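Student: The structure under discussion is supplied below as structure tokens; questions concerning it will follow.
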Amino acid sequence: MGKKMMTTDGNTATAHVAYAMSEVAAIYPITPSSTMGEEADDWAAQGRKNIFGQTLTIREMQSEAGAAGAVHGALAAGALTTTFTASQGLLLMIPNMYKISGELLPGVFHVTARAIAAHALSIFGDHQDIYAARQTGFAMLASSSVQEAHDMALVAHLAAIESNVPFMHFFDGFRTSHEIQKIEVLDYADMASLVNQKALAEFRAKSMNPEHPHVRGTAQNPDIYFQGREAANPYYLKVPGIVAEYMQKVASLTGRSYKLFDYVGAPDAERVIVSMGSSCETIEEVINHLAAKGEKIGLIKVRLYRPFVSEAFFAALPASAKVITVLDRTKEPGAPGDPLYLDVCSAFVERGEAMPKILAGRYGLGSKEFSPAMVKSVYDNMSGAKKNHFTVGIEDDVTGTSLPVDNAFADTTPKGTIQCQFWGLGADGTVGANKQAIKIIGDNTDLFAQGYFSYDSKKSGGITISHLRFGEKPIQSTYLVNRADYVACHNPAYVGIYDILEGIKDGGTFVLNSPWSSLEDMDKHLPSGIKRTIANKKLKFYNIDAVKIATDVGLGGRINMIMQTAFFKLAGVLPFEKAVDLLKKSIHKAYGKKGEKIVKMNTDAVDQAVTSLQEFKYPDSWKDAPAETKAEPMTNEFFKNVVKPILTQQGDKLPVSAFEADGRFPLGTSQFEKRGVAINVPQWVPENCIQCNQCAFVCPHSAILPVLAKEEELVGAPANFTALEAKGKELKGYKFRIQINTLDCMGCGNCADICPPKEKALVMQPLDTQRDAQVPNLEYAARIPVKSEVLPRDSLKGSQFQEPLMEFSGACSGCGETPYVRVITQLFGERMFIANATGCSSIWGASAPSMPYKTNRLGQGPAWGNSLFEDAAEYGFGMNMSMFARRTHLADLAAKALESDASGDVKEALQGWLAGKNDPIKSKEYGDKLKKLLAGQKDGLLGQIAAMSDLYTKKSVWIFGGDGWAYDIGYGGLDHVLASGEDVNVFVMDTEVYSNTGGQSSKATPTGAVAKFAAAGKRTGKKDLARMVMTYGYVYVATVSMGYSKQQFLKVLKEAESFPGPSLVIAYATCINQGLRKGMGKSQDVMNTAVKSGYWPLFRYDPRLAAQGKNPFQLDSKAPDGSVEEFLMAQNRFAVLDRSFPEDAKRLRAQVAHELDVRFKELEHMAATNIFESFAPAGGKADGSVDFGEGAEFCTRDDTPMMARPDSGEACDQNRAGTSEQQGDLSKRTKK
């Protein structure tokens, strides 16, 4: 066998094996495992063959629970089957995992070990998820590196086939799954040679088949269940030997030796760490560094975690060990110790011999950095205080568990390793370009290469830091670069925010992308700290105006290839001419599908970069550059002590005491960021403005503030604070201004695009030309009182004079979701509950520390919460039940008070509140009166009522989520909640893909669209969720598209919120995953075209109209204008199929057009047919409810819980279970 080297990441290395060894894969996206499924789906679309000569059969399911069920079924029917998951996804699979292991089926689950959402969600790596599944009966095999992920994946598949025991192969999320390394991969023929064909044949022979049938999954009684559970023992006893055997067989092919437990370190070690996962790489690097100094230390790497084989553990442990520290990357509150520690302790206790001192340590939760200095601290603790149940990597100033860490500990990377940092802006291409650079270096030199990428939680436009290493020796540094030879800053705003040169080596290279072309410019703009570091460390300092080059060649903000060219020119890893040639080849490979124009723009950028790099010779005076005195903006203590350190990349240094134990964060912290990362921002041209407020309405980041001011409020305004006479009779006496928030603007340009006048009132200009003038103007405008009462709140213009209670989110520039949500908060924000499904809207909506939801000037605002991906509807339903129960109790108290304590004004206010408690305006009106009248009241019924003042105003419960939630994983709960009849509002932001996990197909994805998990174009149609829900008949349903009709959107919101029952509003939302060819600055235009073309028809279904004898269905959009082909081809998700599968593309587009035509005709028919006209229900009311007469035995919605009858409070299931005669004797029925 010849060696085949590949520069790849852990996910791809694993998928390479899983694809080869599997016949079926059932998948569902979850970060950070998704790319395994994406790669497998892409290979299958290309017709790649596995070791059986087949193309993998791969299907996306509606959830991880569904994927696990499909895996179970496929295994039961005799196909070797795999899946890929992590975190909450793995938890959803646990019930099926018990079934799969109980039936001895040889499936393999590949898991990118990730944190579990507890006090907060974390998409990053630790071992909480895999430990939560350790009791399922799956064998568990751990990998520590990218190479091991490949090798152990193969061992897992081979051992599963022979042992009949399913395997969970896991490796650290992000740290291994997304780390790029140069590794050796095996050919499929070599893998096939290792398969036990006899065991495979036996598996197939035992599978379910009507040709030789048997029964599985029986129900067993107490007489036999126990025995059946123990019958599998012999299979598990054989697993360790089988795994060890296949480790040896893989070693015979690769030369890489593995054991169930591997030991590295001094043969006579006295201090030994036991750990598993990527931490082992860092620990081994430290051991190699300290071994030369005679340190008697070692490490046991756990590979086979389940079954845990004590004999193999003791065979690996040096007899000289006096102190052992077991490191766990999890937290199990209330347990005497974490899982691996308890396993090790149990092994020693069962052995019954003298025990060394055994310590427990916790590290690395949520991908918390685990550095060589921390490893040194763990070893020092074993020879010093021997602190037990410690934490390392944090400062625990609450319970005192943390170990001290000396961050000045030595650089332990192998000598000659070159280390680089690239500070980029999300979506500027930096990360993608660095992945290419690593692959170019790895594939075209003898050097070892490593790449790792850290991000904040912004959807795009956030900070990205790429950490690259390369050298002549293998790289085991599974931690961030902290001593860099080369630092590149790709956004000039960063030099004033972050300490980007922290840790750079003396004589290192610093490359800046900025428009500052002269030393005078640099002296003016560079902070003193940066200048001092440059001069004192004698750095080589270069600048390149990458944005200008990108703009000139037509790339916009995509500066990646320009900065990569600079890197190859300065780093000296490859001869520069060769590097440029390889870079251009990579451009053709990466962008060839997007057309020659895109390729040429990128190659032109490379050519221009070669001649545009400018070296600066700086003066010695920079060594002592005086520190600036910055005026701190008015902020609160939480911002200064918590938010600011996190924003400046210093969050690792915050102690435990800085945080609330339950994970809560205050609202409105995003307003303090002021990142200033846009390239261009809008400039207001007053003389062209028609004062329509549409620009503010569509702004994705709430960066446009329409201002109404009285003359006296403009006294003392900045000189260029231009204000016009406000138009409209209601606004007589007011001045009007559009104020741009330049530092929070993301520069998408939607505002300028939709500005109605021919001569635009908003013109995009470079940020540097606007900042100095508009920052003072914004500060002044923000102090002018909001004029929220002058125009109707639910009008287009009036809505934008309401204070937005969601602003400056972490969404992508031009996001199609955020404008909708901001407007909803402007209409109802001060009384909203928001139950948000996990997804884009939860990540841009609540990623610590920047909270875009905010309070108004009275301290009121959306109460926002996130539970899980799958249960947002139920979560919001629970909020509604809580409000119902608590306000019902309040109403009971008010009624009792009227009978006893209340008199005069209090009595009148209570009567008014009781009559209008379910009306938001009246409940607030009388509630405000009660607050004044009962102020200071402490005792009696009135005291109780006063204590419940936060319940006076009727609350508005909203459930937010994307199409992945509503159409797929959360559909069951959504359907139940809508069917309940309860008063909740559901708002679905339909981007037609799983946006948050990177653009995978959902059931909202239309026919012919290319998405991840649908690489060959989706072959089935879009789920018609709106019409499905309409079949209930008592749910308000509407579709909206802001870019087509803002008025219709506002009308829908008003109707949906006022409807006394469930409402569902589905909004068409643009997304970067759709690949808008004109860019996200055309989001509103695309929304408009979507409706005009017939792709996204607008309609409303209001059950209240049926009660009045009217047609509840109203079609709000016109007939398609014939532009659907143009609409589809303006998006890469449709256009890209032309290049890969042209015949399929043509057929599928025709199919889409036919589906849209049929649907619109059906909608027209519904709008033209009123079946309610001739038999409106007797007693129909305007609100849609029906009076069925006194004493009628019906479940009702008004003033009663869902499952109680109005007269008796007895359980009521709306007769879903049938009559008592139909049900029979319930006592004899089998329960679940």
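A Cβ is built for glycine as well, from the same backbone N, Cα and C atoms used for every other residue.
Heads up, here are the entries from Swiss-Prot:
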type: BINDING; residues: Glu64, Glu817, Cys840, Gly962, Asp963, Gly964, Trp965, Thr991, Glu992, Val993, Tyr994, Ser995, Asn996; note: thiamine diphosphate binding site
type: BINDING; residues: Cys689, Cys692, Cys695, Cys755; note: [4Fe-4S] cluster 1 binding site
type: BINDING; residues: Cys699, Cys745, Cys748, Cys751; note: [4Fe-4S] cluster 2 binding site
type: BINDING; residues: Cys812, Cys815, Cys840, Cys1071; note: [4Fe-4S] cluster 3 binding site
type: BINDING; residues: Asp983, Asn985, Ala1056, Phe1059, Gly1061, Ser1063; note: Ca(2+) binding site
type: DOMAIN; residues: 680-709; note: domain '4Fe-4S ferredoxin-type 1'
type: DOMAIN; residues: 736-767; note: domain '4Fe-4S ferredoxin-type 2'
type: REGION; residues: 1197-1232; note: region 'Disordered'
type: SITE; residues: Thr31; note: site 'Important for catalytic activity'
type: SITE; residues: Glu64; note: site 'Important for catalytic activity'
type: SITE; residues: Arg114; note: site 'Important for catalytic activity'
type: SITE; residues: Asn996; note: site 'Important for catalytic activity'
Student: What's the CA-CA gap between Cys692 ([4Fe-4S] cluster 1 binding site) and Cys751 ([4Fe-4S] cluster 2 binding site) in angstrom, rounded?
Tutor: 12
Student: Six or more residues beyond either end and a Cβ under 8 Å away: which residues meet both conditions relative to the domain '4Fe-4S ferredoxin-type 1' (680-709)?
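Tutor: Sequence-distant neighbours of the domain '4Fe-4S ferredoxin-type 1' (680-709): 722-724, 726-728, 731, 734-742, 744-752, 754-757, 759-767, 769-770, 774, 778, 781-782, 784, 787, 790, 796-797, 799-801, 804, 806-809, 811-819, 822-823, 852, 1042-1043, 1046, 1083-1084.
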Student: Would you list, in sequence order, the recorded positions among Thr31, Glu64, Cys695, Tyr994 whose CA lies within 10 Å of the CA of Cys751 ([4Fe-4S] cluster 2 binding site)?
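Tutor: Cys695, listed in sequence order.
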Student: Have a look at the binding-site residues (Cys689, Cys695, Cys748, Cys840, Cys1071) and report the one with the fewest Cβ neighbours inside 10 Å.
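Tutor: The binding-site residues Cys689, Cys695, Cys748, Cys840, Cys1071 were compared, and Cys689 has the fewest Cβ atoms within 10 Å.
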Student: At the level of the C-alpha atoms, what whole-angstrom distance separates Glu992 (thiamine diphosphate binding site) and Cys755 ([4Fe-4S] cluster 1 binding site)?
Tutor: 27
Student: How many Å lie between the Cα of Cys689 ([4Fe-4S] cluster 1 binding site) and the Cα of Gly1061 (Ca(2+) binding site)?
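Tutor: One finds 41 Å between the Cα atoms of these residues.
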Student: Measure from the CA atom of Gly1061 (Ca(2+) binding site) to the CA atom of Cys755 ([4Fe-4S] cluster 1 binding site) and give the result in Å, rounded to a whole number.
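Tutor: Distance (Cα to Cα, whole Å): 37 Å.
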Student: List the Cα distance (Å, whole number) between Cys745 ([4Fe-4S] cluster 2 binding site) and Ser1063 (Ca(2+) binding site).
Tutor: 33
Student: Asn996 (thiamine diphosphate binding site): which of the recorded positions Arg114, Cys748, Cys812, Asp983, Asn985, Phe1059 have a C-alpha within 10 angstroms of it?
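Tutor: Candidates kept after distance check: none.
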Student: Who sits close to Glu64 (thiamine diphosphate binding site): which same-chain residues at least 6 apart have their Cβ under 8 Å from its Cβ?
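Tutor: Listed in sequence order, they are Tyr28, Ile30, Thr85, Gln88, Gly89, Leu90, Leu92, Met93, Ile969.
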Student: Could you tell me how many residues in the domain '4Fe-4S ferredoxin-type 2' (736-767) are helical, how many are strand and how many are coil under DSSP?
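Tutor: Looking at the domain '4Fe-4S ferredoxin-type 2' (736-767) with DSSP, the answer is 6 helix, 10 strand, 16 coil.
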Student: Where the distance is taken from Cα to Cα, which of the binding-site residues Cys699, Cys748, Cys812, Cys840, Trp965 turns out closest to Phe1059 (Ca(2+) binding site)?
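Tutor: Looking at Cα distances from Phe1059 (Ca(2+) binding site), the smallest one goes to Trp965.
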Student: Please identify, among the binding-site residues Cys815, Trp965, Asp983, Gly1061, Cys1071, the one with the smallest Cα-Cα distance to Thr31 (site 'Important for catalytic activity').
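Tutor: Considering only the listed binding-site residues, the nearest one is Trp965.
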Student: For the thiamine diphosphate binding residues given in the record (Glu64, Glu817, Cys840, Gly962, Asp963, Gly964, Trp965, Thr991, Glu992, Val993, Tyr994, Ser995, Asn996), what is the largest pairwise C-alpha separation in angstrom?
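Tutor: Value for the max Cα separation, rounded to a whole number: 25 Å.
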Student: Per DSSP, to which secondary structure element type does Asn985 (Ca(2+) binding site) belong, with helix, strand and coil as the options?
Tutor: strand
